[in-house]
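If you check TrEMBL, you get these features:
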BINDING   Cys12, Cys49, Cys81  [4Fe-4S] cluster 1 binding site
BINDING   Cys150, Cys154, Cys157  [4Fe-4S] cluster 2 binding site
DOMAIN    3-118  domain 'MTTase N-terminal'
DOMAIN    136-375  domain 'Radical SAM core'
DOMAIN    377-436  domain 'TRAM'
Amino acid sequence: MSKKLYIETLGCAMNERDSDHIIAELSDKEGYGLTNNPKEADLILINTCSVREKPEKKLFSEIGQYAKIKKHDAKIGVCGCTASHLGDEILKKTKAVNFVLGARNVSKISQIIHKDRVAWVDIDYDDSAYVFSQGNISNVRGFVNISIGCDKKCSYCIVPKTRGKEISIPADLIINEVKRLVDNGVKEVLLLGQNVNSYGKNFSTIHRAINFTQLLSEISNINGLHRIRFTSPHPLHMDDEFILEFANNKKICKSIHMPLQSGSTKILRDMRRGYTKEWFLNRAEKMKSLIPQLTIGTDIIVGFPGESEEDFLDTLDVLEKVSFDTMYSFIYSTRPHTEAKELLESGKIELVDEDIAKNRLARLQDRHKELLGITNQAQLGQIHEILFESYKEGMLEGRSDTNKLVRVSGDESLVGSICNARISEVRGAQLFGELV
Ligand code: SF4
């Protein structure tokens, strides 16, 4: 009987991709099968996120819970970004963990499971060829890393410390990986990187010079591939060449994630984002003028140290003007190894009062909900191409080219197909359609 792996994945799409890689490595090399019951697992892995403080704080209570219910000889491993920055502190704090594996080191999973009480968290390690794992492939979407690490220095962000310096994965490896996925039935690929449009700036060895726009164009030439998505581009690097390719290339889905973080030019400067409110609006407006159906998603931090009411009103103003479709919004959370933390500790900047920050977050989220209600109502009667991803409670569920989640009555056999559907009903954020 095969050994069983239970894996809990927190955080972003990058972590999901890393978990897929871990699952594939352990299945190919060590004969593990997946279970969703930690009590019957031989190996329990927690793939952690460190972008905010709360999940990190919960890590040790979670480890304690798993330790209580696990089989007596089962191992527990902590992977991902919190593993990278806490390293062997995790081993010192709890005896329940057998190993710690940093986000940059996921390719070493099949080696580390045979060790005990070790932490491998080297961020100079070149893991840029790890797109190669031959795991199970869904017939809908494949995740493909195009770069690892990040060279930006956003003052609130811990990622450069947990994932290390940016390295682009050679284009030929990426293209071969996409071809492999397509040959196995994948219709849509999601290209992943912390900052996808700096792709091509750093390769670990000499490779043909190619930028992100050219990479998109080459990938779109792959026969049988229907859709390309990517996350995340940096607003600073969204140049005209990129916007034109995005607008004109029919395989690129017309939905983009543009992390705003703040609408205030002053706060953006303190965050070291490198762009202004006006630049962000200019990029969004240019894309909307070329692609009327475009949807834009974003990330927003409220209550960054020093944020005044006026700064926050600038964020609300950008929300009004761009009308974001998806919005991940959070109150600023102080992270170790960041410039903002150092400035707070030296007294050069001050935290925003917690009640004020909570109030701003609620106002932002309420207004976002209202605007989304209006834009969703405008979807009524529109026809979208939907790639069906699953079948739940008698209905097909899938995403439009514009990333709208749509539920449609139909036969389960259509999962994995792309069909036209007319939007016939809107219930809050939920869209319902009929096959046409
Ligand atoms: S671009 Fe900024 S926010 Fe994004 S991962 Fe890099 S440092 Fe963090």
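Cβ atoms here come from the backbone N, Cα and C positions, even for glycine.
Shown on the structure are the features that TrEMBL records.
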{"residue": "Cys12", "record": "[4Fe-4S] cluster 1 binding site", "contacts (Cβ under 8 Å, 6+ apart)": "Cys49, Val51"}
{"residue": "Cys81", "record": "[4Fe-4S] cluster 1 binding site", "contacts (Cβ under 8 Å, 6+ apart)": "Gly11, Asn15, Thr48, Cys49, Ser50, Val51, Ala103, Ile158, Val159, Thr162, Arg163"}
{"residue": "Cys150", "record": "[4Fe-4S] cluster 2 binding site", "contacts (Cβ under 8 Å, 6+ apart)": "Cys157, Val159, Pro160, Arg163, Lys165, Glu166, Gln194, Asn195"}
{"residue": "Cys154", "record": "[4Fe-4S] cluster 2 binding site", "contacts (Cβ under 8 Å, 6+ apart)": "Gln261, Met271, Arg272, Arg273"}
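For the recorded site, Cys154 ([4Fe-4S] cluster 2 binding site), the DSSP three-state label reads coil. Ligand 1 lies under 6 Å from the Cβ of none of the binding-site residues Cys12, Cys49, Cys81. For the [4Fe-4S] cluster 1 site, the Cβ centre of Cys12, Cys49, Cys81 serves as reference, and the other residues of the chain with Cβ at most 8 Å from it are Leu10, Gly11, Met14, Asn15, Thr48, Ser50, Val51, Gly80, Ala103, Val159, Thr162. Secondary structure counts, DSSP: the domain 'MTTase N-terminal' (3-118) has 59 helix, 27 strand, 30 coil. Using the Cβ center of Cys150, Cys154, Cys157 for [4Fe-4S] cluster 2, the list of other same-chain residues with Cβ within 8 Å runs, in sequence order, Lys152, Lys153, Tyr156, Ile158, Val159, Pro160, Gln194.
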